[in-house]
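Below is one structure, written out as C-alpha cells; comments come after it.
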Amino acid sequence: MKETIRIIGIDPGLRRTGWGIVESLGNSLHFIGSGTVTSNAEMDLASRLCQLHEGLSKVLHEYMPHEAAVEHTFVNKDATATLKLGQARGIALLAPAQAGLPVAEYAPNAVKKAVIGVGHGEKQQIHMMVKVLMPRASFDTSDAADALAIAICHAHHRQSIASARRLQQLIA
C-alpha cells in the first residue's frame with residue numbers, strides 16, 4: 001500500500017529562503033503550500049541566521065513534513081557572499097534535521113533535470129513546469145517556486161531510490 005509523503009523543499013538564501021511543500025503519493029504530486037522566510041539586511045549576521053531558523057522552524061511545525069530536500073549552493077566569484085550563503089544553507093539543513101526529518105541534498109542541475117528534463121534551463125522554464133506539474137501551485141517569489149522544484153525533484157528521486165531498494169531485496 002502506498003503512503004502519502006509530505007516533502008518540504010528549501011531554497012537557501014540569506015535575504016530570502018524559499019520553501020515549498022508538496023505531497024507525493026505514487027506518481028501523483030499535490031501542492032500544499034509555499035512561501036519565503038526573510039531576514040533583515042540591517043541586522044548582524046547572527047541575528048539574520050536566527051530569523052531564518054525561527055521562520056523555517058515555524059513552517060516545519062505548521063506543515064509537519066515527513067522529509068526535506070535542500071539545494072546545494074554554487075560557488076561564485078564573491079567569496080564573502082558564498083560564505084554567507086553557505087551559512088544560510090547550514091540553517092536550511094539544521095532546521096529540518098532538528099525536527100527529526102531526513103534531509104536530502106540536490107545540485108541545481110539535478111533539480112532542473114527532474115523538473116524540466118534537462119540540467120540547464122532558465123528560471124522561467126522551471127517556474128512554468130512547476131505550474132504544469134501542479135496546476136494549483138501558487139508562489140509569490142522566485143525563491144518559493146525554486147523550493148517547490150526542489151521538493152518535486154526529491155519526490156521523483158525518492159521513488160527511484162525506493163524502487164532500487166525493492167529490486168535489491170528481490171535479488172538478495
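Our numbering is plain: 1 for the first residue shown, then up by one each step along the chain.
Placement of Cβ uses the backbone N, Cα and C atoms for every residue, glycine included.
Annotation comment: Swiss-Prot describes D11, E71, D143 as active site. Among the features that Swiss-Prot reports, Mg(2+) 1 binding site is placed at D11, D143. Look at Swiss-Prot and you will find E71 tagged as Mg(2+) 2 binding site, backed by sequence analysis.
Swiss-Prot feature annotations superimposed on the structure.
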| residue | record | CB count, 10 Å |
| --- | --- | --- |
| D11 | active site | 28 |
| E71 | active site | 24 |
| D143 | active site | 23 |
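Calculated from their C-alpha atoms, the gap between E71 (active site) and D11 (active site) amounts to 6 Å. D11 (active site) and D143 (active site) have their C-alpha atoms 6 Å apart, to the nearest angstrom.
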